[in-house]
Ligand SMILES: NC(=O)c1ccc[n+]([C@@H]2O[C@H](COP(=O)([O-])OP(=O)(O)OC[C@H]3O[C@@H](n4cnc5c(N)ncnc54)[C@H](O)[C@@H]3O)[C@@H](O)[C@H]2O)c1
């Protein structure tokens with residue numbers, strides 16, 4: 001039976017992990033110890049108090065309340081303090097660590113995290129709801145059934161309005177770390193390894209205020225099998241959208257991931273030889289992800305915590321390369337998600353992606369040419 005320690009009680013720790021775990025504990029018998037979740041966040045204690053959560057003033061105090069050998073630690077702190085907090089929990093004897101994405105925000109942190117894991121024999125896993133989603137499973141199966149040659153291009157759109165959080169907290173310093181880690185992990189799972197072929201970012205602008213690098217991210221990948229994919233994430237969009245479009249040799253596949261915990265349903269639309277079918281199904285991917293990790297930790301072995309570490313390492317490497325390329329792209333360029341950037345002109349979006357002109361969303365897309373917001377984004381770098 002496993003205990004839970006959540007480090008970092010912000011949007012992810014308190015807003016997502018605590019409620020999901022509270023529900024999962026009653027649905028997954030034999031895995032969770034009969035003990036409240038323990039939380040630590042010196043910066044956010046008063047807001048965090050609730051019945052199913054025991055707040056500890058420090059990690060040391062949390063260790064006194066828990067058995068480190070039988071505890072899963074959720075690291076829900078911002079990427080900038082990943083390695084530092086990991087070092088602290090490891091020094092206190094905790095070894096089963098479930099890290100919020102991204103595994104690391106840059107290559108130096110990644111090296112540090114992996115070194116710590118090796119030296120302290122930590123069993124790391126990464127919170128990756130999209131990899132545990134029913135929609136992803138359906139897509140992987142579909143691509144497997146039809147053969148990779150049937151896929152022409154893939155485009156993932158991850159838009160949401162993220163003004164309040166970007167203006168009020170510095171938990172993230174790059175739009176590439178907000179939504180893109182989910183998409184890159186998914187693309188690696190679906191299409192295999194890849195190289196970055198282009199990337200652009202944008203600042204977030206509201207009136208006279210600018211938040212550097214937080215307006216949006218666009219990256220293009222070339223997978224080893226020759227398929228191109230792209231990720232477009234506009235964090236100044238007026239609506240939320242988490243969509244994947246596969247351009248197929250005989251049609252298209254459009255998947256919509258659930259956009260929030262308040263409605264955990266996904267959609268899948270398959271068009272083949274002119275005939276379209278559409279399905280809607282429950283897809284509570286965060287619950288699936290967390291319970292999978294706990295089962296893995298409970299069972300032990302090589303897959304303890306859920307496996308996939310190599311894929312998350314590769315995701316960090318590709319995002320680091322994308323950030324490097326985006327930083328080099330000329331200032332004053334077009335929106336990373338607009339149609340006029342040099343990257344977009346040569347990308348899957350321009351020539352191959354079904355998003356370019358035929359998707360139902362394309363005509364009304366907040367990232368098409370006429371939205372006033374584009375002007376603000378277009379001054380990003
Ligand atoms: N916000 C989301 O919807 C969401 C969803 C999935 C994943 N994530 C990921 O979760 C991580 C955290 O993001 P967030 O949005 O929850 O950030 P947040 O700013 O809302 O919360 C982070 C919390 O960590 C605390 N903290 C900072 N340093 C700490 C330390 N040394 N010890 C203990 N607590 C510390 C802060 O006080 C804050 O309350 C990020 O990597 C993010 O990508 C966020």
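Cβ atoms are placed via backbone N, Cα and C, with glycine included.
Given the structure is predicted, the values throughout are model-derived calculations rather than measurements.
In TrEMBL this protein carries:
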{"type": "DOMAIN", "residues": "5-126", "note": "domain 'Gfo/Idh/MocA-like oxidoreductase N-terminal'"}
{"type": "REGION", "residues": "328-381", "note": "region 'Disordered'"}
{"type": "COMPBIAS", "residues": "338-351", "note": "compositional bias 'Low complexity'"}
{"type": "COMPBIAS", "residues": "372-381", "note": "compositional bias 'Basic and acidic residues'"}
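In the domain 'Gfo/Idh/MocA-like oxidoreductase N-terminal' (5-126), the DSSP tally of helix, strand and coil residues is 55 helix, 25 strand, 42 coil. Across the domain 'Gfo/Idh/MocA-like oxidoreductase N-terminal' (5-126), mean pLDDT in this model comes to 92.
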